[in-house]
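Q: Take a look at this one; I'll ask things after.
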Amino acid sequence: MSRQPILDIKGLRTVFRTRAREIVAVNDVDIVVNPGETVALVGESGSGKSVTSLSIMRLLARKVGFIDAGSIILRGKSGQTVDLAAIDEEAMRRIRGNDIGMVFQEPMTSLNPVYTIGDQIGEPLRVHRGTSRREALEAVVELLDRVGIPDARRRAGQYPHELSGGMRQRATIAMALICNPTLLIADEPTTALDVTIQAQILDLMQKLQSESGMGMLFVTHNLGVVAEIAQRVVVMYAGRIVESGPVKEVFRNPRHPYTMGLLRSMPRLGDATEMKRRGEKLNTIPGMVPGLANLPSGCAFAPRCSFAVEACHAAVPPLASVNEHHGSRCIRWQEIAA
């Protein structure tokens, strides 16, 4: 399998225009996804994860959000590369749903309630390949069976409200994969599901990835999911990458205070019961993610950081190399090993 990246983002900067000013939502972001690899994009709400994924898909609100700088190089099924940040909407339409598939967080809002499941999943085949409705239906039934939906032919004729939450999410995964994309973007695909169904969906996505060799960008705030599904992790805060590297290394040896805080905030099996018995509280990161319109000077995390010194407020730190594969945007990364 070629190790040339499927996705290579460099210097991505995404801006939203308001009446008063322009707000930078994603700033100087670099991400690489290789064939067969899952890269997790993590952070609290408001960190810029979803805006990054919407920038890749070019689904930003028109006239409000736009890519201001950087490149998004995609290697499609043909093996040719294209800069998604530079092409027009007509060219992007040929890529969206064909070379790139996307699974959204809430299937009930990403599925159209007035069309059958079969019609919606089959639409990319009809649009991108000119497949007949009958041929598309057969492909849909086969894929629904692969993603674990029983009685697939009958389900293809049903509407979204007739399926359970887990089945709807399986259907959206099928819709994203129907054209065999080289890249799958999954934006919080298990958040709205219970723990049992979540585990099934994660297993399914890993199985389908191993069969196809596609790359996956997995957007989540759940570090437990990251440990299970991803090989590399990119941690975002206030629109910037603050740490990135192999999952095992970053989790065992985080070198940014924000990553350390996220890991310490993870509840572990038995923690809640034992802490309640002792009258203790779960660990949290003090403060809130700052609004992008009013970012603090210097390091955006400094007001919440117990390691902050005066220099942290003076300038935005560069993304320093901990080693060849691990980076941290902290001037004190050498001092804060967990």
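Note: Cβ is positioned from N, Cα and C throughout, glycine not excepted.
Copied straight from Swiss-Prot:
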type	residues	note
DOMAIN	10-263	domain 'ABC transporter'
BINDING	Gly43, Glu44, Ser45, Gly46, Ser47, Gly48, Lys49, Ser50	ATP binding site
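Quick one: how deep are these features, and who are their neighbours?
A: Listed in sequence order, Lys49, His221, Val235, Met236, Tyr237, Leu262 are the same-chain residues at least 6 apart in sequence whose CB falls under 8 Å from the CB of Gly43 (ATP binding site).
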Q: Taking the center of the Cβ atoms of Gly43, Glu44, Ser45, Gly46, Ser47, Gly48, Lys49, Ser50 at the recorded ATP site, which other residues in this chain have a Cβ no more than 8 Å from that point?
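A: Going along the sequence, the neighbours appear as His221, Met236, Tyr237, Val289.
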Q: I'd like the Cβ neighbour count for Gly46 (ATP binding site), meaning other Cβ atoms within 10 Å of its Cβ, all protein chains included.
A: 18
Q: Sort out for me which one of Ser45, Ser47, Ser50 has the most neighbouring CB atoms within 10 A, since those are the binding-site residues we care about.
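A: Of the binding-site residues Ser45, Ser47, Ser50, the most buried by Cβ count within 10 Å is Ser47.
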Q: If you draw a 10 Å sphere around the Cβ of Gly48 (ATP binding site), how many other Cβ atoms fall inside it, taking every protein chain shown into account?
A: 25
Q: Say we define neighbours as other CB atoms within 10 Å of the CB. Which of the binding-site residues Glu44, Lys49 has the fewest?
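A: Among the binding-site residues Glu44, Lys49, the lowest count of other Cβ atoms within 10 Å belongs to Glu44.
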